[in-house]
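Feature annotation from Swiss-Prot assigns topological domain 'Extracellular' to 25-511; the stated evidence is sequence analysis. Summarising the annotation, Swiss-Prot assigns N-linked glycosylation site to ASN180, ASN201, ASN228, ASN254, ASN287, ASN403, ASN430, ASN441, ASN505 and lists sequence analysis as the type of evidence. Annotation source Swiss-Prot lists repeat 'LRR 1' at 409-430. Swiss-Prot lists 433-455 with the feature repeat 'LRR 2'. If you look up Swiss-Prot, you'll see 533-880 marked as topological domain 'Cytoplasmic'. Under the heading phosphothreonine, Swiss-Prot lists THR564, THR733, THR738, citing similarity to another entry as support. Per Swiss-Prot, ATP binding site is recorded for LEU579, GLY580, GLU581, GLY582, GLY583, PHE584, GLY585, VAL586, VAL587, LYS601. The phosphotyrosine annotation in Swiss-Prot covers TYR646, TYR746. Annotation source Swiss-Prot lists active site, proton acceptor at ASP698. Look at Swiss-Prot and you will find 854-880 tagged as region 'Disordered'.
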Amino acid sequence: MEGRRQRLLVFIFGALAITHLVQAQPPDQRGFISLDCGLPVNESPYTDPRTGLTFSSDADFILSGLRGEAGDDNTYIYRQYKDLRYFPDGIRNCYNLKVEQGINYLIRAGFGYGNYDGLNVYPKFDLHVGPNMWIAVDLEFGKDREIIYMTTSNLLQICLVKTGSTIPMISTLELRPLRNDSYLTQFGPLDLIYRRAYSSNSTGFIRYPDDIFDRKWDRYNEFETDVNTTLNVRSSSPFQVPEAVSRMGITPENASLPLRFYVSLDDDSDKVNVYFHFAEIQALRGNETREFDIELEEDIIQSAYSPTMLQSDTKYNLSPHKCSSGLCYLKLVRTPRSTLPPLISAIEAFKVVDFPYAETNPNDVAAMKDIEAFYGLKMISWQGDPCVPELLKWEDLKCSYTNKSTPPRIISLDLSSRGLKGVIAPAFQNLTELRKLDLSNNSFTGGVPEFLASMKSLSIINLNWNDLTGPLPKLLLDREKNGLKLTIQGNPKLCNDASCKNNNNQTYIVPVVASVASVLIIIAVLILILVFKKRRPTQVDSLPTVQHGLPNRPSIFTQTKRFTYSEVEALTDNFERVLGEGGFGVVYHGILNGTQPIAVKLLSQSSVQGYKEFKAEVELLLRVHHVNLVSLVGYCDEESNLALLYEYAPNGDLKQHLSGERGGSPLKWSSRLKIVVETAQGLEYLHTGCKPPMVHRDVKTTNILLDEHFQAKLADFGLSRSFPVGGETHVSTAVAGTPGYLDPEYYRTNRLNEKSDVYSFGIVLLEIITSRPVIQQTREKPHIAAWVGYMLTKGDIENVVDPRLNRDYEPTSVWKALEIAMSCVNPSSEKRPTMSQVTNELKQCLTLENSKRGVREDMGSRSSVEMSTSFTTEINPKAR
């Protein structure tokens, strides 16, 4: 008997010890995502000593951004606010987080600016959850932001979106799964306004490990009467309010008055959800009663409510409430039969956020992610939702939109000229609504996959200029007969069914004709040698368009001279003298006909430009002729050797003179004006003198060449595009151009028109006035237009104009040029002038400068600047 009793006591004490041990363990962090943004990978993970939370580096969850450290003035107490990540590049930068679908998550973003960049300018930007805007962040009044959101897929994207000149940044990103039967999210996500645990005896936060969901409860002093207990308070509700919160509370200082609270809103139209947390923590005598009404303005959430003894309970409004005048008044009103005043432990107040946009169809998103991973694509715009919001959709694709609540579908994908290699990825077939697929001008190998024929929505497939091999699938050829537009030029090893059979038949007769072919080849070579000895570069007649399946590139329709690669080598003395280097390749000096200097631009094998841009530039320069557009002497299109031969500009480009790279005296103000007037005339001709009209798309100071008389020649037409006339106002196209000069409206919308060139020209005009870089190479990277706009508010022209001019200018002329420039860079394209208006205004500006200073233009400048502007209506414009 005694032995049994001893064994029982051992069992009881052991059970108590195990229970105590279990209770001492911190809550499970399963499902938590705790990112210290910018934390070096070699310091990850670590355990926060204050909370016991394990934080990891964010490096595996985002592809962009740079690491920073908060300055010494950063007062945050948590380790994770020491590091940060900032995003100087791109508009939208997104974290990709794997979550459980259909679960309520608490999402918390933390910001510790700490003057990390030394600029002491608080960033402003937007935060998005998936395709929807969550909050506009202003870190001058900043704090951590928190939202409760039910996930709609297994991938959650949190995006920082640049909205102005400052750079978005973030210190910490945390996700905590909640119970779905607690907070109401069916009316929309819940953006936290405040979460207060009422007590006047303590400060700081209550969070994990006291709160198993890691909610941050702010101990808040309402200057009322404190109530607290040391007894255990149970929590059986889905909210599981931490015991540290439920053990304290407040009652009104005047027991006969209500407890009053309020919620302040940013907008009168905002709606709120309020959660009141109670627990009776005072021992009531037999004749005592605590009973009160819970009121949200005029609505009674619950009448005659009595808290449960030593057990937490939560009451809330079942539908979002709209308050008057931007303030919501909350009251706990004692009932007539109550002997005790109201008591409350905590309040959580949320704004109900409208997330109107459905995410892009998840199968389309998964397909795009697979394609991105398959080819190792790293594109700054390919972040966040592919289609939504429309202004931020991914480059190179188009989507169909039914309404905001219907997931968009991807209907067009253009991956041409992306340097893609390998086979055509199977993931393309998962874009089941795709109508147009352009994979041209890449290096795809292998056969044309049969799954393309099973993509029922496809109506256009462009596979030109790849290294595809083998026969075309029969099903695909059948689809072509029924309306599918299939182009496969430039794939010499690709054949349709008939041509493949012919190739097989030819294997039997090769021995018969081999000797004959050899003789014919020898004769042909001898004839070619004789021909080339008699003439140098030859006139090329127009050739018929090459149909798909033929091995040769389509010929460029031309009446100018086509050079062989060996001739180009001879003209440049085997590429002896380098003039410069750009995105196309290296530019060499050459001599034509023994006396005429020329510039030869040779396409490099690693060039970001491809045959498409080369062809576009040749075709444009063959049909446009203007004294302020660079003249094409000839071109080389031989196998992989591509070259453009231009008239030589011995004075380099405008950028070199503005930056001082070429040495010598800086350009005078009158010379700068003359150059921009001539450049404006060239652009005006492209916009109004060409049929169809053209947009240059890459106007910048490095593309303005200067001949021996310093006459301006606009160059580099590889990105030029025609634009619509008549009723249409724009053409939709993938964004192309140079950062800093790129029209921001075109960047956002992909809608191109001639006003995009006007914006770029305005930036050029600001450059010749200030001689400042378009984007300063500082961490903040201020843009020249923003800087000039700020300086002009002071009204002092000397702070804006290039100091190297030594005030040697007519101030009225400079002011007028500044006004023209600022009108050109207006954010709205509709408010920008046309190039014709700009040209006329600048001519007046130049006349004003010359007349005020008594300067007479030389004949060379007059012949260009004073040229008449009569335009032709013919298909081919007249030379000017």
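The backbone N, Cα and C atoms fix where each Cβ goes, glycine too.
Keep in mind it's a predicted model, so treat the numbers as computed, not measured.
On the structure: features taken from Swiss-Prot.
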residue: ASN180; record: N-linked glycosylation site; DSSP (3 states): coil
residue: ASN201; record: N-linked glycosylation site; DSSP (3 states): coil
residue: ASN228; record: N-linked glycosylation site; DSSP (3 states): strand
residue: ASN254; record: N-linked glycosylation site; DSSP (3 states): coil
residue: ASN403; record: N-linked glycosylation site; DSSP (3 states): coil
residue: ASN430; record: N-linked glycosylation site; DSSP (3 states): helix
residue: THR564; record: phosphothreonine; DSSP (3 states): coil
residue: GLU581; record: ATP binding site; DSSP (3 states): strand
residue: VAL587; record: ATP binding site; DSSP (3 states): strand
residue: THR738; record: phosphothreonine; DSSP (3 states): coil
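Rounded to a whole number, the C-alpha distance linking TYR646 (phosphotyrosine) with VAL587 (ATP binding site) is 10 angstrom. In sequence order, VAL587, TYR588, HIS589, ALA599 constitute the residues six or more apart from LEU579 (ATP binding site) in its chain with CB-CB distances below 8 Å.
A coil conformation is recorded for ASN441 (N-linked glycosylation site) in the three-state DSSP classification, outside any helix or strand. ASN403 (N-linked glycosylation site) sits 48 Å from GLU581 (ATP binding site), taking the CA atoms of both as reference points. Remark: of the recorded positions ASN228, ASN254, THR738, the most isolated position is ASN254 (fewest other Cβ atoms within 10 Å of its Cβ). With ASN228 (N-linked glycosylation site) as the anchor, the candidate recorded positions are ASN201, ASN254, THR564, and the one with the nearest CA is ASN201.
Annotated pair THR738 (phosphothreonine) and ASP698 (active site, proton acceptor), C-alpha to C-alpha distance, rounded: 6 Å. Of all the recorded positions in the list GLU581, GLY585, ASP698, the shortest Cα-Cα distance to ASN254 (N-linked glycosylation site) is found for ASP698. When averaged over the topological domain 'Cytoplasmic' (533-880), pLDDT in the model lands at 77. ASN287 (N-linked glycosylation site) and THR564 (phosphothreonine) are 109 Å apart (CA-CA, integer value).
Cβ neighbour density within 10 Å is lowest for ASN287 among the glycosylation sites ASN287, ASN403, ASN441.
Taking only the Cα positions, the spacing between ASN441 (N-linked glycosylation site) and GLY585 (ATP binding site) is 18 angstrom.
Calculated from their C-alpha atoms, the gap between ASN287 (N-linked glycosylation site) and ASN201 (N-linked glycosylation site) amounts to 30 Å. A sphere of 10 angstroms centred on the C-beta of VAL587 (ATP binding site) encloses 18 other C-beta atoms.
Classification of TYR646 (phosphotyrosine) by DSSP places it within a strand.
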